[in-house]
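Take a look at the structure set out below.
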Amino acid sequence: MASSFSRSLSLCAACVVVLVLSVAGATAGSVRTSRFDELFQPSWALDHFTYEGELLKMKLDNYSGAGFSSKSKYMFGKVTTQIKLVEGDSAGTVTAFYMSSEGSNHNEFDFEFLGNTTGEPYLVQTNVYVNGVGNREQRLNLWFDPTKDFHSYSLLWNQRQVVFLVDDTPIRVHSNLEHRGIPYPKDQPMGVYSSIWNADDWATQGGRVKTDWTHAPFVASYKGFQIDACACPATVAASDNARHCSSSAEKRYWWDEPTVSELSTHQSHQLLWVRVNHMVYDYCSDATRFPSTPLECQHHRH
């Protein structure tokens, strides 16, 4: 999976800001829902995909899970999809929506929805990898049943912060703390991915509850795919992509505006509400795993 960003400046103009279903006169920041096949492609188990108009369904059975990936890689912007998670007894299953770069020093932002037995709440696990290092898990339960209807899940990424959003409510922020010597993911283009698979060795109650295959197939449904981000061709050097996808005197991108460089007061209150009422695990406060508090947790408790 190693990246092969080779040629540079002459092709940097090929980096384009992708506005989903952009039309003449559309302004940066306008996002329109797009068809799955315009932005994504199945990456494995093609026979586990079903298309029903604008709806995509992906299934897990005792033969295989399934996954899809974006056709392009991006640097900075916002990606969103609407998901209706596996209904009923989903113990042992994981449905993931995430962004990731390639290679052993990859960056990654994960939503992982951990299935559960009937009637028990889904847990949402988020994680952030920087330069190949993860172990930044947070878990929370949602304030709604994610199996009964579609809800939007978004990743906002710029040079100041990574924000995980559920129905536009921030549930996690990973801030740029480079001034404290902490690496921040800002120099590797990332693809957008989703998958469903069997993870009953860990997903539900630490692996104590196994997948009940009599309930298969387990189906996750998707619609409302949106990407408003800076697309980066693989033929362009990563450093040139980073430069092109950053605002300058000649161009201004919405993801570099002050309004998205940090949470608004309202968003900060929303995040606090989520953390107080719905968070069930935070790596920052796990003294067993981390006897010394991780650096990024020491004064920035998101």
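A Cβ is built for glycine as well, from the same backbone N, Cα and C atoms used for every other residue.
As annotated by TrEMBL, signal peptide applies to 1-28. Marked as active site, nucleophile by TrEMBL: Glu108. What TrEMBL lists as active site, proton donor is Glu112. Residues or ranges marked as N-linked glycosylation site in TrEMBL: Asn116.
Spacing of Asn116 (N-linked glycosylation site) relative to Glu108 (active site, nucleophile) is 25 Å (Cα to Cα, whole number).
Neighbours of Glu108 (active site, nucleophile), defined as other CB atoms within 10 A of its CB across all chains, total 18.
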